[in-house]
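Heads up, the thing below is written out as structure tokens.
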Amino acid sequence: MEETKNSPPIQGVVIITLPPPDNPSYGKTITAFTLSDSPTHQQQQEEEPPQQSQPHNQDLNTGVLRASLERSFFFRPKIVFGLLGISLIALSFWSSLTQETLFELRDVEHDLKSSNSSFILPLYPKRGGAWNSRTDVEFKLGRFVDFKPDKFMDQEKIAKSLSAATKLDSSVNFPVRGNIHSEGLYYTYMLVGNPPRPYFLDIDTGSDLMWIQCDAPCTSCAKGAHPLYKPRNVNMIPPKNPYCVEVQENLKSKYCDNCHQCDYEIEYADRSSSVGVLAKDELQLVLANGTGTKPNVVFGCAYDQQGTLLNTLASTDGILGLSRAPISLPSQLASHGLINNVIGHCLRTDTNGGYLFLGNDFVPQWRMSWVPMLNNPFPNLYQAQLMKMNYGGKELRLGSTSYGQGTVVFDSGSTYTYFTDQAYKALISMLEEISSEDLIKDASDTTLPICWRAKFPVRSIEEVRQFFKPLNLQFGSKWRIVFTKLWIPAEGFLTISEKGNVCLGILDGSNVHDGSAIILGDISLRGQLFVYDNVNQKIGWIRSNCERPEKVPSLPSFF
């Protein structure tokens, strides 16, 4: 009894209860108990009239009960605080292991309350001849650049060519079409003008501006899928407009203070370019709940395309910029209060396209893998921190990174995937092991830098996947116990050439950009739903057949 009397008094106990791993939606519970051994209470008891019956037995029972409690589990401070420490460690490990929990427990209530509405668009594959060389492939990552005045059309010439109105009218179910094995990119459609006219636009998470080939007049345009967009004077954006300030932020000096139009030039990483003027028009959209809306949006009226754009726009009319920039279409719709700034795309592994949605209504609440969205080194791009990358069980050195960490950019506007120079060379070295009698290199096939010939014409990647191992990208930070993983199977980095060979769809990024980041293009983004949540600054993915979102019975179709 003397030992327990000398023990330090316990003020209270906090119990943290974790949810079951198979159902994290229950959340964690925190319960606090206050244990009081107040002298005041004892003094009040002593002041009460003493009980006459069985005083000895009552004191004995009270003493036994007190001794029992003080010897009990919760009256041992070292054990209590030890368990609390173990609970905190377990909670940290569990939250890292269940990748989506930390984000979703924090955001699900906010998303349910703040959900406005969403647009879902079908995606379509570009159809046509296969690439004859790797120069026909697109690698976007567009940026606004400084320009020379003589590159731009005189504003009086543009003014004379401006025709009667064409207002924007766009159906908001965005189906996606595109085929990585034919022309590489996926596109959707918009209806622009009054009366509405359709335009096919390549979806590009690596570009800021939505632009359409334009008769202003056009000095260099691709054939396109539809007649050129014809603006009028009231559609022109003046230079002092905030969106014009944004696209001209890289200008070293003012081009024209007295101009009535906003000129811009976009330069893409594949060295193609587009020159035009900013315009504003209505965009008719249909929300997922069936409600129609016609917001005014700013987009590019592009009259001079150069480089690979002249080839790749043979079956489309422009580009749908989906980046984080204020001028991107998702950012503009969010500023109108029509959607939360969330973008999702799902590209099918076959040739039937997929879908694109704007807004957060179609984001799966569970089973998603989430990673934080980085703001640097590319402020407008969707990027995450890469800690480690393996081919099979062997690690690929990232190279061009600090402290062994790298950056991954998710770019739906690029056909293929690009590695840093060191990672690319390490992968090529590991792929030397697959050369055998069944699969040998074919230098005569120039579709891509590395192609292999089998004993038979390859019709499906499944026929040769046993020769290759999957890629495993591990995201996170140095403080995380368990990394978030993105698994890319052989179908995510191999393609089939016209010769029936299998070719490597991963290229050396140092040949086309500065090589400081890994760029995941369409070939590696297929077969999964990717979500870019600009509200909560996170990027997520989940395996999917990409036929349609769970809440949608069928996708709308333009055809």
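In case you wondered, yes, glycine gets a Cβ from its N, Cα and C as well.
Taken from TrEMBL, the feature active site applies to Asp204, Asp411. Among the features that TrEMBL reports, compositional bias 'Polar residues' is placed at 26-41. Marked as domain 'Peptidase A1' by TrEMBL: 186-542. The region 'Disordered' annotation in TrEMBL covers 1-59. Residues or ranges marked as transmembrane segment in TrEMBL: 79-97.
The separation of Asp411 (active site) from Asp204 (active site), Cα to Cα, is 7 Å. For Asp204 (active site), the Cβ neighbour count at a 10 Å cut-off comes to 27, with all displayed protein chains included. Each residue in the domain 'Peptidase A1' (186-542) has a pLDDT score, and their mean in this model is 90.
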